[in-house]
């Protein structure tokens, strides 16, 4: 019963038998809670229930909540691996009462589970209570039979919990276990309380007050209970170990690490770091977070890269973490099915990220090694170098700190921050501005004066209104004449203002005295629609009655493209997985662009399936419906909300199509919260044609597509190209592909023959081969040669051939490119690697070539330099080093 999975089941089953609803863990990304980076406690998903903003169909609940503490003020990242209990990912077991039972029942339930369910010896248990909470102290005496010395009164905030400056709050009672005299530490409240002897494992929070302002508390009419027990801590207690990394789950994970890389753990911090970071990385990815350079994605990247650096310390030569994932899924997939469902995505993300990072990790560590070569214990790495590691090599600051930890070398944090701020300031100085002439103050004042513009464009493309303001040359004007570029505000408009990725409408606004050609419509301030255009006839004045007509053809293309993004979004989620989320879009008249979260390039087959699924819904010609409802109702009905988008109390829900496959069969195909304009039936989209996909950043892919008339034009152009190509190749259009493939094969053969000829010439060719360049230095054969016209990437292969030809010795090859730069490769045969290091020798060559550095293995290393004219000097420098 002491295994992690058994403890979790025992806890949940116990409270279920006592009338509690088992509620699944909420995601690690809190919904509608911008105050939190990640879910870090069991009560997070019930916050609105405790405050009365949300009702649940149950009054008591129990959960095993996934939690992450990394980033923000709750950040345990730096300590993980070096202490017995710090983790970035942990599970919080909890039971909750929403105005149902209170202190007595909470204490009684906890006591019975601890002593009877988990079998902890009563004489080793003790509790803390808030110093003013006499009721809790009396209840512990009554229920547990504790004497006064087992009930420790704490007067500080450690035993009084509050959600914020205002809101529900109340005293806490924590349950501790005495781990014995052989463990250092004193009881809570004593000077030695930071020791490990007395271990807190369960916190009971009694929410009985409402704090209206600091220091002012009123009793709640329906007091509540919020408790939290660390699953990993309870596992330590029941398994009789001092470190969470010695519990069964972590022993299994570290055992897999040992088996995979062949290095025993034996107290290794690296094994512990990798095991913990694998858990947090996998669960974050399963909950929709992907590595990126900002926000939650950057925290995930920091966690992953820290683990990858420790894998490198253990000697891993290729990506490791994805190989450990099956063990994690086996151990935790039953309790958290989302982990098993997302296994393929997690594995691919881990593999790709580690593969990308390994390319720069060694170079960054080499720079770090050089920069700290002269530093001693207690010294500080300068902030400029730390920032260069961050900016150039992708080293998060904490990774640099961790790499120097064993040598007890610090990092100049202030210098790092200064370097980052200087870079930001320089970037700002190069920013040319948006070209917007009117200041935000003008739009704010107009919004205050006239209120929001009424949008009529969902129902009509033509309307009448009254001009409320004319802005010309950055200032409000009374009128505008032919030729003037203006920004017009009207009391109501059928013109859609750019938002949600959809471009603004164009068209014409005319009065009795003048006409304006509108090229764009933007939103300013809070709901102010601003029409940008040029007066093409007469005069337009403030206060004029005007007729407004939207460019119908342009609006129709925008509608088709916007509706197509919804169909593509849903198709992508069906084909790639539910981790796909919209990260940005551009809906223009001639095309659409759509950015989504996904860790790797899409295959041609996946793109074809996505396109086919979208066109299936187009061919249905089913009605596109819109409804207004509350955000909560919309999401409850399955509508997709865009992460980070702000929504009002009432939202517009756009539905289109009927699903034909799987879980979507005979259900609405696409349901999204959206304020844009759309077709009235999917058939009006005409055709969806994906042009391609590309990367716009780590973990984000971009699709580009065309619809309707643009798709027809694109296909016609493609057809013309194929016919022209067929004529050039003197074949039928249907034979173009096979003819091109034959030409490519022929070219490859010729290129290979040419490369082979160059290699032979480079090493001397013909008779004698490379022998002419071989000499003996200090009793060792030395093949030194300067080579032109050979691709630098072929130098290693030539060096291997050189080693084979001389049998035993050292090979130094300098390749000189057309621009005069040089590449150097040094190879040492196996029998001489104890005597000579290829890395040392190639660095000598690099210095002679005007470069510095270089790296590789003792038997093969490479470097470069800007001055290829010094190739012979570089070879002689290596020979001189051999001579000693």
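Positions of Cβ are set from backbone N, Cα and C atoms, glycine also.
Residues or ranges marked as Zn(2+) binding site in Swiss-Prot: 562, 566, 674, 678. Counting every protein chain shown, 27 other Cβ atoms lie within 10 Å of the Cβ of residue 566 (Zn(2+) binding site).
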For the recorded Zn(2+) site, enumerate neighbouring residues of the same chain (Cβ within 8 Å of the Cβ centroid of 562, 566, 674, 678, site residues themselves excluded), in sequence order.
559, 563, 565, 624, 654, 656, 672, 676, 677
Quick one: give me the count of other CB atoms within 10 A of the CB of residue 562 (Zn(2+) binding site).
25
According to DSSP, folded down to helix, strand and coil, what is residue 678 (Zn(2+) binding site)?
coil
Local Cβ density at residue 674 (Zn(2+) binding site) - other Cβ atoms counted within 10 Å:
24
